[in-house]
Amino acid sequence: MKQIFFLDDSGPPFGHMVLALGGYLGGFDGNFLWNRIGAEYSSNVPVWSLRLLPALAGALSVPMAYQIVLELHFSHCAAMGAALLMLIALFL
């Protein structure tokens, strides 16, 4: 967006890149300062695109956990348990 690259310790780099991809696809220009929690967004902040990719990743993690446990040749009950644990973890 602004072509400024930096490293920080606030999370995994791939997560930041996914959020940047959502902002880029939504047309975010990078001119909003995220300096205060609860501040009003201006009209040039595409909130839906910044929230869409993390929401899709969270929603798809539950069936992915189910499928991974099945691919590891565990029972369907174990796969349902893993998917249920993922679903509970998403709400915490």
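Placed from the backbone N, Cα and C atoms, the Cβ positions cover glycine too.
What TrEMBL says about this protein:
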- 1-89: domain 'ArnT-like N-terminal' (DOMAIN)
- 14-34: transmembrane segment (TRANSMEM)
- 46-66: transmembrane segment (TRANSMEM)
- 72-91: transmembrane segment (TRANSMEM)
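Proximity of distant same-chain residues to the transmembrane segment (14-34), defined by a Cβ-Cβ separation under 8 Å and at least 6 residues beyond the stretch ends, is recorded for 1-2, 41-42, 44-46, 48-54, 57. Residues belonging to the domain 'ArnT-like N-terminal' (1-89) score a mean pLDDT of 84 in the model. Across the domain 'ArnT-like N-terminal' (1-89), the DSSP tally of helix, strand and coil residues reads 53 helix, 0 strand, 36 coil.
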